[in-house]
Amino acid sequence: MFSGLTNQFTSLVGAVKGGAGDEDVPAPTGDAPAAAPAASTSVEATASSAVDPEAAAAAGGEGLEGEEAGKRLPKSASLVDSLVSEATGWLGSAKGWLGNASIPSMPAMPSMPSMPAMPAMPSIPSIPGLRKGAGADGAEGAEGAVAGEGGAAASGAVSGGEDDDKSRYISATEGADSHPASGGGTPTGDEGQIGQGKGDEVKITTKVTQQAKHFGSFLSSAISKAGSKIKETVKDNTILDSFNKEQEAFIKGQGGVGNGAAPWIGHANEAKIKEEILGLSQDRRNFVRAPPAGVDFEFSYDTAYPTAIAIMAEDKALETMRFELVPKIITEENFWRNYFYRVSLIIQAAELGTLGADGVGQASSGEDANEVATKEKKSKTAEPAKGDSSVKAIAEQPKAVIEPEAQECDVQAAKSKAKAKAQAGKELGQKISESEFVSDDFQASSESDLAEIQDGMRKLGIDSMTQQALAATDEEQWEKDLEAELKDYEVVDEGGTGGDGGGGRRKGRKAGEDDTEADEDEPTISNLRTRSTNNDWEEYADLIEDTDDLK
């Protein structure tokens, strides 16, 4: 029980001293009660020897300061020491009263780690009323002299008293807000206080900052170089230059050169050819109607494109027509194919020397064919009147006796020729109405050019048309020859059968007039071409009837 009380009291005293009591308090020996003063002396010696070497060194380094502190030691410290000594003696005497019972010795207190010495505090200005009197200073000096005999122990006591005195000025947080104390091995001046980076950390931070700056400078330089390259590229290769290059490549691909020459340049009759070619753009059908089937017309769009550009430069109507038709109605290639086919017809007519004739070099269309057919109808309509007059003249002539057999042969031959002529007229009218292109017959100017002209006519489809025109001319000539031959015959009228003959002739004439009126009601190309011939044969049929009556 006494050991526990001793330990508690010792710890209480150490806490009150505030670090000055860092000494081991050995247990009393218990040999005799008279050993109490010796025990107190041994306790003080042990306390002085148990002081931490580092604390002693610190106290030695501040000898003058320790002596001054010993002089200033307050009465409270001496009072505590006296109480400790008295308590120890009392406890020792108590042990004697209880007998010489062996009380186990108290275990030695482990050496507490020495607190690092506080750095030199700045001088605190003296506050009146807080300092002790001069007498107290003298007592403190005496106590300091007694403690000085112990050497390092006295220094430790002085420093402990100073700490106890300075603890009055420390806040309730026991100096947590103040700078921490540092021991002998704690670097303070070189590496700074807590919260500041140490040497290695500072080096790492500096290195990272330098790397970031280097990376930023690298990025800025790369961006500036890229911007300069882009500017140079834009200056060297502009959009307009690339467009011009593409346009030149397109022109080269189309014709190799720029615009070509107009098709009428270089010909003898240049003005007439130009007029005819420029007139093609006035009719829309010249561009939408393809060449007739079977015509061998060679056309290359790439080759003809420069020529087309040259023609459009002279003919604004052609450009307008192209804008209206391409590509809404017809494609670009077919547009120029149809147009250049008509141009080739005009050039061919100019080479043959027939340019300017009726139908030659004109744009082929249905209207042209209708105009030609109308002219033919008008010419044929005027022929029956001539036929009637010729019939009247023949009737007024003196009649001659005609042999029956010769008359029959002539009648059959005339009928067969009339049928052939009517059939040919029908075919010609049908071909003219169905044909899309009109041209006159072409005659060779010289025998040396005959083969070349025939070849050109075959390519352009003119050969068949020429043959048809020649056939029509032959038929007209045959009609004239037949009429001349019939005029040579004389009709002989004998009395006795004049009444019957006259009646027969009148009937025949009436029937012929009815047929003629029916033909006039429904005019056709074949009727127009055979009307005059039919009137002649009616007259001769009457003559044949009269001859039969005579027999």
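Just so you know, the numbers here start at 1 and follow the chain as drawn.
Note that Cβ sites are derived from N, Cα and C of the backbone, with glycine treated the same way.
Because the structure is a prediction, the values reported are computed rather than measured.
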### Task
Check each of the ranges 20-72, 285-337 against Swiss-Prot and return the one annotated as region 'Disordered'.
20-72
### Query
Of Ser178, Ser526, Ser532, which does Swiss-Prot mark as phosphoserine?
Ser178
### Query
Which candidate in Ser76, Ser433, Ser464 appears in Swiss-Prot with the annotation phosphoserine?
Ser433
### Swiss-Prot annotation, phosphothreonine - which of Thr209, Thr381, Thr530
Thr530
### Task
With DSSP as the yardstick, break the domain 'BSD' (295-347) down into helix, strand and coil residue counts.
40 helix, 0 strand, 13 coil
